[in-house]
Amino acid sequence: MTKERTFIAIKPDGVQRGYVSEIIGRFEKKGFKLVGLKQLIPSKELAQNHYGVHRERPFFGDLVDFISSGPVVAMVWEGEGVILSARKLIGSTKPLEAEPGTIRGDLAIDIGRNIIHGSDGEDTAKFEIDLWFNEEELCEWETSDLKWRSEN
């Protein structure tokens, strides 16, 4: 597998409920590298652009209002297979269907307050990273324990 990047956002409910460090810890324990991190209250425009694929869905307005209602922790994680692995760490969009041990399975119960967003593919990851981060906000660095996490 090649090294890739994904966009992860801890939504306002996850921030307000104090899960930021726990969620970051799960990604670090998995062995992924954090290359971008910021906290912001997204504008309505940013939220609309981010969730544009859902523009015609009946829940779009509520989703935009929710995401822009409070602080979001936006992150870029890097590593081999990080997109698929992050999706597994996060769990099903519907928390009550999420497996125990996943972020949503352990920490959420309502689809409208499911704590976290993660890119669902390479194209989406690139779009979301470019939407939320400027190139200068991403940090290129090498972890000192890389040889202990991967043969490659």
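Each Cβ is built from the backbone N, Cα and C atoms, and glycine gets one as well.
Bear in mind that the values here come from a model prediction, so they are computed numbers and not experimental data.
Neighbours of His117 (active site, pros-phosphohistidine intermediate), defined as other CB atoms within 10 A of its CB across all chains, total 20. The feature active site, pros-phosphohistidine intermediate is assigned by Swiss-Prot to His117, with sequence analysis given as support.
For Lys11, Phe59, Arg87, Thr93, Arg104, Asn114, the entry in Swiss-Prot reads ATP binding site, with the evidence type sequence analysis. Contacts of Asn114 (ATP binding site) defined by a Cβ separation under 8 A and a same-chain sequence distance of 6+ are given as Lys11, Asp13, Thr93, Lys94, Pro95, Arg104, Ala108, in order along the sequence.
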Which one is it: of the binding-site residues Lys11, Arg87, which Cβ has the fewest other Cβ atoms within 10 Å in this structure?
Arg87
Given that the record lists Lys11, Phe59, Arg87, Thr93, Arg104, Asn114 as binding ATP, what is the largest C-alpha to C-alpha distance among them, in Å?
22
Same chain, 6+ residues apart, C-beta under 8 Å of the C-beta of Phe59 (ATP binding site), given in sequence order:
Gly112
